[in-house]
Amino acid sequence: MASTTPYIFSILFLLLSLTGLYHMHILPRQLDIPINVSDISLNGHLNIPFQHIKIPQHYTGLKPVDDVLALLVSAFAHGALRLEEDAFWQQIHFLLGIFPLLAIFTIEAYRERNRGKLVSYTSVWALFYQVLGGAVVIPLMNLCYVLAGARQMGYLRVDRMVPGNVAEVLVPALLLGYLVPTLLMYLPFFSDRTTLYLVAFWQFSPIYVNVLIGVLGRQAGSLRLTRRKAAPDVQHLKLVYIVSIAVAFVAHCFTISNVLLGRSGEASLVSIFVPSHSRSFQSTGQGFHFVFQWDWLVIAISSITWAVYAIMEVQTELKALSTEGNVKGLTILLAIHLLFEGPGGAVAAVWWWRDNALLEIERRAHEKIK
């Protein structure tokens with residue numbers, strides 16, 4: 001990998017972030033897409049023909065926070081309440097599809113070599129994510145990761161490990177902190193009002209993951225970070241990748257199969273995933289759906305780009321250590337996972353391979369020192 005490659009990818013991620021900013025925040029205003037943010041703020045309801053959906057205005061007791069939550073709840077309501085079939089299926093695919101990305105960002109945040117770096121502050125990133133959108137923030141997280149490695153010689157050769165007590169609790173923390181709140185939003189068993197409160201509760205789900213890691217990690221005393229015990233985190237990280245791929249696979253297949261079998265009403269794969277200016281003017285729900293489509297599209301492109309960079313980065317280190325990298329067919333593997341699991345599952349598959357390669361890099365680096 002050429003010395004300029006990290007900076008080329010950095011520029012790509014910056015451009016993707018600007019693309020997300022434009023399509024989520026600037027273009028809707030330029031086109032006057034009927035998102036009705038001002039109406040929601042003033043009247044506390046969604047403007048939907050023949051329906052009166054009241055948006056709760058009180059959640060935490062802190063007015064600035066509650067005002068933001070009311071707007072976020074309004075944006076998710078069309079999917080969570082299934083007012084728009086397109087929005088419902090897109091949100092299912094989107095929010096479950098980013099489960100693997102949250103898992104990977106959490107793993108990278110706790111790696112020893114990333115301690116104190118920007119990539120380690122996942123709760124702060126989560127707050128920006130909810131306010132600005134993933135299409136703006138996730139490319140910037142990818143950018144920070146690339147720059148962290150570019151500025152440190154032998155970045156991949158040292159401090160690969162995740163603390164054992166953290167690795168041990170990652171799966172339950174991710175399931176309880178993110179997956180369960182996500183599923184609760186779309187279950188049809190609750191009243192509209194309860195569902196809207198569940199949507200508000202979900203907004204902080206990445207922070208719940210970190211809190212659970214802190215609480216559960218204190219109880220998980222069976223594993224301790226020690227150099228005398230070879231890679232105590234590996235099996236736990238492997239389970240994280242397996243669970244992540246499984247969640248992405250189920251969400252991807254559930255969405256695609258229901259659409260192809262005609263169980264999604266008038267929604268099609270195109271109307272669910274492909275942004276359309278003309279459809280965005282049809283209703284408030286379609287306006288929000290347009291924004292969500294761009295959000296997921298930019299996140300997907302940025303994540304796959306990040307996976308490609310990770311492959312190139314690892315391959316370069318393997319060659320530098322006179323080790324033949326097991327990267328033959330990785331591009332095909334990435335494409336297969338993308339087809340069957342969506343972007344999140346594809347990135348998780350690459351990270352699984354990457355962690356195995358990092359073990360080899362670490363072993364060879366230690367042999368050279370000896």
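Just so it is clear, glycine is given a Cβ too, placed from its N, Cα and C backbone atoms.
According to TrEMBL, the feature transmembrane segment maps to 6-24, 88-107, 127-148, 169-190, 196-218, 239-261, 291-311, 332-353.
Two recorded stretches are said to be in contact when at least 3 C-beta pairs lie under 8 angstroms, sequence spacing 6 or more; the transmembrane segment (127-148) and the transmembrane segment (6-24) meet this definition. Sequence-distant contacts of the transmembrane segment (196-218) (same chain, at least 6 residues past either end, Cβ-Cβ under 8 Å): 55-56, 59, 69, 72-73, 76-77, 80-81, 102, 106, 110, 122-123, 125-127, 129-130, 163, 165-166, 168-170, 172-174, 176-178, 181-182, 184-185, 190. Sequence-distant contacts of the transmembrane segment (6-24), counting only residues of its own chain at least 6 positions beyond either end whose CB sits under 8 Å from a CB of the stretch, comprise 132-137, 139-140, 142-143, 146-147, 149-150, 275, 291, 294-295, 298-299, 301-302, 305-306, 309.
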